[in-house]
Structures are given as C-alpha cells and as structure tokens.
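Take a look at the structure below.
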Amino acid sequence: MDKLDANVSSEEGFGSVEKVVLLTFLSTVILMAILGNLLVMVAVCWDRQLRKIKTNYFIVSLAFADLLVSVLVMPFGAIELVQDIWIYGEVFCLVRTSLDVLLTTASIFHLCCISLDRYYAICCQPLVYRNKMTPLRIALMLGGCWVIPTFISFLPIMQGWNNIGIIDLIEKRKFNQNSNSTYCVFMVNKPYAITCSVVAFYIPFLLMVLAYYRIYVTAKEHAHQIQMLQRAGASSESRPQSADQHSTHRMRTETKAAKTLCIIMGCFCLCWAPFFVTNIVDPFIDYTVPGQVWTAFLWLGYINSGLNPFLYAFLNKSFRRAFLIILCCDDERYRRPSILGQTVPCSTTTINGSTHVLRDAVECGGQWESQCHPPATSPLVAAQPSDT
C-alpha cells in the first residue's frame, strides 16, 4: 500500500552517512524478502509431498505476491527515499502506486485465506473440511485474492477517483521548491481512504481474528480433554506409558500452536495496523501527518512481506527440511525415508458433541497442514480429510 504523501524527506534531505545507513537497511529488507519468498516457491515446486498439501497453494501464491512487492514496489520506493526525488515520470508513478496497492492488498487477502483454511481444517469435522476446501473453491479463493484488489488499485487510481477534491494539494506537494525535486505523491480523499482501508485491511483483519480465536479455543479444549484423560487414567496401572508420553506431547503441541497464533496475529497487526489507522485518520485532520511517519508505517508494512516466509513456511518442519536440502545441494544428510511425507500421528477428541482430529502439524506455525492419519483404532480413519 503506497504512502499518501510521498514527500517524506526533510527539507534538507539525508546526509551522506544517513543515506548509507538507510540504503543498507532498505537493501537488506528487500533482499531478505526476495530470497525468502523465492525459497518458499522453489521448495513447493521441488517437493512433490509439499505440493499435495492444500494450504501450500495459498502459501505459494502469498510468496509470489510478496516477491512481486519486493521486486516491483520496494526498490523504487527505496530509490526515491534515498535520492529524495522521483525520476521515473508521472505515468510510472501511477503504475507503481497501483501495483503497490494491488500487491500489498493481495498479500493481506492471502493471509486471510490461510486463516480460513486452517479454521475449516482444525475446528470443523474432517468431512466438512473436505467439502469446503475443494480444488474449485481453492481456485476461486486464490482468484479472488488477485482480482478483488484491482477494484481498489488500478481502477480508481488510473481514473483519478482517489484524488477528487484534493488535486490542488497533490500538485502542491509534488514539487519541492527548496530542492527543485519532484515526488511520486499519492494522496487519497475520504471516501477512498475509508473504502480502501476497510476492504484491504479491516475486513481481512476481523476474519483472521475470528478464525484464529476459534482455532485457539479448539486447541485449548482439546488440551483440556487430554488433561482429563490423563487424570482419569493416572490411578490405573494398566495405562500404557506411551499414552502418557503422547498426551504430554499433545499438550505441548497445543501450547506451541497457541503461541504461534499470537506471533502471527501480533506480527500482522504490528506491521499493518499503524498504516491503515493513519490512512483513515489523515484525511480527517487535513493531511497533517508528517511524511516521516508515513514512511515509517509504509515500510513497516513492507517488512511484513519479508516476515511472511518465516511465519508461514520456515516454522514448518517439512519446509525447513526442504530448504536445507535445496541450500545444501541435495545433501543426503538431510534426507530420510519418506522425507517430507511422513505420517504424523494425530489424536482425536470430542468437543461440543463433535469428534475432532487435531493434527500434530498445528505445531508447524500458521501453516499446520500435514499428511496426518489418526491411530488405527480411531473411528475417523475413513473420514480423515485427504491432502491430495
């Protein structure tokens, strides 16, 4: 999402030392975002087992959106910020701004879809997940992640709907008389600010909060069920030791999953909430938010594109192993039988009258999906959702 006022530098501009430090920082952010998202895409394309997992379609599409942000949006913003001038012309300014809004919104939409996918997988019965997340529905969700943002990016920006009523102010801020420089200024009127913020952030944010809250509640209820089973079987000497170990592992898994949810939502809010709160407030206070504040909030949102590979892929054991194999040139030390397709034990529990299968893969941090089969004695073996 582009800044509303591109005139972000002070009147004196940056000194030589400040420029070097700033350029180093911005280059590091861009490079990490490019490499991280590329690695995620290569891992899924390279490993057949990862391609079988439904959630990974969203992960790859998210990585592609974030990769485009880091290639098509961030570098031009960094150049303008460091050089304190826009040198690419007015038409490309509109194109870059439209790409900025399109790609960052698409990235946020993908995060929302991942949360909904995990909600159906963890909080609903297996057959519900299979019926909800069909290949057609996944394709429609992915298409929506890319098509819907065009209605708040290229369409209104190219038509100039965002600057109706504030054209004079925009023209004034495009030119810096002190440095004789021009800027790529993107400012929005009140209707566009509200519409864009609600569609691009507040609705996805609300859906993510609701989905992850339900996942958290389900995980806690599942852990409570296991704890009750432990207490009930504590007095029985016939209780197998392996069952105790498995229950303990499950509780640790659920605790880790809950912590991961907090990390995911915390990073998302930290990165994007400041920008979108300011995005709505600024038009109502006569555009008095300092340019430096806009720059800080904007790049905080960009950093989210570099964090997503770590949150949604690097925390997953299967992805990590694939990364090691790719980076170490297919080193045999990182291979093992059924390397990324091992069967993950699951436990079942009854919550609110419904039997659920909560995968051990919840510990994998936000992505959670895995090839997973309940114990052979479980009545849900036949109902287990397929990842193919």
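Just so it is clear, glycine is given a Cβ too, placed from its N, Cα and C backbone atoms.
In three-state terms derived from DSSP, Asn279 (serotonin binding site) belongs to a helical segment. Annotated serotonin binding site per Swiss-Prot: Asp100, Asn279, in sequence order.
The Cβ neighbour count for Cys93 (disulfide bond), using a 10 Å radius over every protein chain in view, is 21. Taken from Swiss-Prot, the feature disulfide bond covers Cys93-Cys184.
Annotation source Swiss-Prot lists N-linked glycosylation site at Asn7.
Among the features that Swiss-Prot reports, transmembrane segment is placed at 20-44 (among others), with the record citing experimental evidence. Sequence-distant neighbours of the transmembrane segment (20-44) (same chain, 6+ residues past either end, Cβ-Cβ under 8 Å): 14, 50-51, 56, 59-60, 63-64, 66-67, 69-71, 74-75, 78, 81-82, 299, 302-303, 305-306, 308-310, 312-314, 319, 322-323, 326-327.
What Swiss-Prot lists as transmembrane segment is 55-78 (among others), and the listing cites experimental evidence.
According to Swiss-Prot, the transmembrane segment annotation covers 93-117 (among others). For the transmembrane segment (93-117), the list of distant contacts is 1-2, 54-55, 58-59, 61-62, 65-66, 68-69, 72-73, 76-77, 86, 133, 141-142, 144-146, 148-150, 152-154, 157-158, 184-186, 196, 199-201, 204, 207-208, 211-212, 268, 272, 301-302, 304-305, 308, 312, 366-367, 369: same-chain residues at least six beyond its ends, Cβ to Cβ under 8 Å.
Among the features that Swiss-Prot reports, transmembrane segment is placed at 134-157 (among others). Same-chain neighbours of the transmembrane segment (134-157): 54, 57-58, 61, 65, 94, 97-103, 105-106, 109-110, 113, 116, 186, 192, 195-196, 199-200, counting only residues six or more beyond its ends whose CB sits under 8 Å from a CB of the stretch.
Taken from Swiss-Prot, the feature transmembrane segment applies to 189-212 (among others), supported by experimental evidence.
The transmembrane segment feature in Swiss-Prot is assigned to 258-283 (among others); the stated evidence is experimental evidence. Long-range contacts of the transmembrane segment (258-283) within the same chain, counting only residues at least 6 positions beyond its ends with a Cβ under 8 Å from a Cβ of the stretch, are 1, 4, 108, 111, 188-190, 193-194, 196-197, 200-202, 205, 208-209, 212, 215-216, 219-220, 289, 293-294, 297-298, 300-301, 303-304, 307, 311-312, 315, 362-363, 365-366.
According to Swiss-Prot, the transmembrane segment annotation covers 291-314 (among others).
Residue pair Cys184 (disulfide bond) / Asp100 (serotonin binding site) shows a Cα separation of 12 Å.
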